[in-house]
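First comes the structure, then the notes that go with it.
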Amino acid sequence: MSRIGIIGSAGAMGQALVQAIAAAGETHAGGIDKDGDLAALVSASDVLVDFSSPAALEANLDAAVAGNVPIVVGTTGLEERHHFLVDQAAESIPVLQTGNTSLGVNMLVHLVREAALRLDESWDIEILEMHHRRKVDAPSGTALMLGAAAAEGRGIAIEHNSERGRDGITGARGRGAIGFASLRGGTVAGEHSVIMAGEDERIVLSHSAENRSIFARGAVRAAQWLTGQAPGRYDMAKVLGL
Ligand SMILES: NC(=O)C1=CN([C@@H]2O[C@H](COP(=O)(O)OP(=O)(O)OC[C@H]3O[C@@H](n4cnc5c(N)ncnc54)[C@H](OP(=O)(O)O)[C@@H]3O)[C@@H](O)[C@H]2O)C=CC1
Ligand SMILES: O=C(O)C1=N[C@H](C(=O)O)C[C@H](O)C1
């Protein structure tokens, strides 16, 4: 049994996590939000789960390293500098970073990589996501994971082959590009579609989150798995054996 500490505890994911920890028979070590006592939470925890804000990431990783406690980073909206910080922390402690903790999305990531490996550049890949009106980052972390998987399958660098935020006279779509589009509204927990559009035909691979419990269950599974791992950077594929 592990003591799981929550960063971002009063938030939508933090609250879903409290329920998932109890359902899994684990111990809720406590939680913090902005201005909470991070050091005390680290001392009380065997493993941390962070669903807060990119602005909090550096302090969270530093505290986890100082306390030698593994951390699951589920926060999205991360930039290159945040990924660098994750890599640095992973030299000392186990860190699992993912834009989506659900089994279904991680299976979708796998399927997208496989499809992109087999389809040539004449198939245009577009990623469409929709989330609730409160979401602050776009494209979603999941959309970025799906784009990265498509690029990996295709053997191209996503940094040089993305089309994001089209507006106005954008010119025709680039051959081989991976496009992203984001919708926001209502209470949608998370919808992702990867559209592969070829000549006169289309393949659509998609996932619908019916509620946040799928992310919370996945985060608890990740926290359980991460406890006892060697220092390093991990993802959900390792946890789920995909
Ligand atoms: N990887 C995954 O599977 C999933 C990832 N997410 C991601 O998780 C994050 C949180 O989502 P959600 O719960 O919907 O967001 P909410 O806005 O509902 O919750 C965020 C929480 O984080 C807290 N917080 C903000 N800044 C800090 C800080 N510096 N230190 C500690 N806590 C802080 C907020 O507290 P306060 O109100 O005091 O600011 C708030 O309680 C987002 O990045 C989202 O995209 C969401 C679902 C699944
Ligand atoms: O903010 C959310 O709610 C979600 N965020 C994650 C993302 O950015 O992909 C995961 C999930 O889709 C819900």
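Quick reminder: no glycine exception, Cβ is built from N, Cα and C everywhere.
Residues annotated as active site, proton donor/acceptor in TrEMBL: His131. The active site, proton donor annotation in TrEMBL covers Lys135. Taken from TrEMBL, the feature NAD(+) binding site applies to Gly8, Ser9, Ala10, Gly11, Ala12, Met13, Gly74, Thr75, Thr76, Thr98, Gly99, Asn100, Thr101. Look at TrEMBL and you will find His132, Gly141, Thr142 tagged as (S)-2,3,4,5-tetrahydrodipicolinate binding site. Feature annotation from TrEMBL assigns domain 'Dihydrodipicolinate reductase N-terminal' to 3-100. According to TrEMBL, the feature domain 'Dihydrodipicolinate reductase C-terminal' maps to 104-240.
Feature annotations (TrEMBL) mapped to structure.
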| residue | record | Cβ contacts under 8 Å, 6 or more apart |
| --- | --- | --- |
| Gly8 | NAD(+) binding site | Gly14, Gly31, Asp33, Asp50, Phe51, Ser52, Ser53, Ala56, Thr75 |
| Ala10 | NAD(+) binding site | Gly31, Asp33 |
| Ala12 | NAD(+) binding site | Arg134, Arg212 |
| Gly74 | NAD(+) binding site | Met13, Val49, Asp50, Phe51, Thr98, Gly99, Thr101, Phe215, Ala219 |
| His131 | active site, proton donor/acceptor | Ser140, Ser182, Leu183, Arg184, Val188, Ala189, Gly190, Glu191 |
| His132 | (S)-2,3,4,5-tetrahydrodipicolinate binding site | Arg184, Gly185, Gly186, Thr187, Val188, Ala189 |
| Gly141 | (S)-2,3,4,5-tetrahydrodipicolinate binding site | Thr76, Gly77, Leu78, Thr98, Gly99, Asn100 |
| Thr142 | (S)-2,3,4,5-tetrahydrodipicolinate binding site | Thr76, Gly99, Asn100, Val105, Glu129, Gly190, His192 |
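Closeness to ligand 2 is met by none of the binding-site residues Gly8, Ala10, Ala12, Gly74, Thr101, no Cβ falling under 6 Å from the molecule. With respect to ligand 1, the binding-site residues Ala10, Ala12, Gly74, Gly99, His132, Thr142 contribute Ala10, Ala12, Gly74, Gly99 as residues with a C-beta closer than 6 angstroms to one of its atoms, given in sequence order. Within 10 Å of the C-beta of Gly99 (NAD(+) binding site) we count 24 further C-beta atoms, all protein chains included. For the domain 'Dihydrodipicolinate reductase N-terminal' (3-100), the predicted model reports an average pLDDT of 98. A simple Cβ count within 10 Å picks out one of the binding-site residues Thr76, Thr101 as the most packed, and that one is Thr101.
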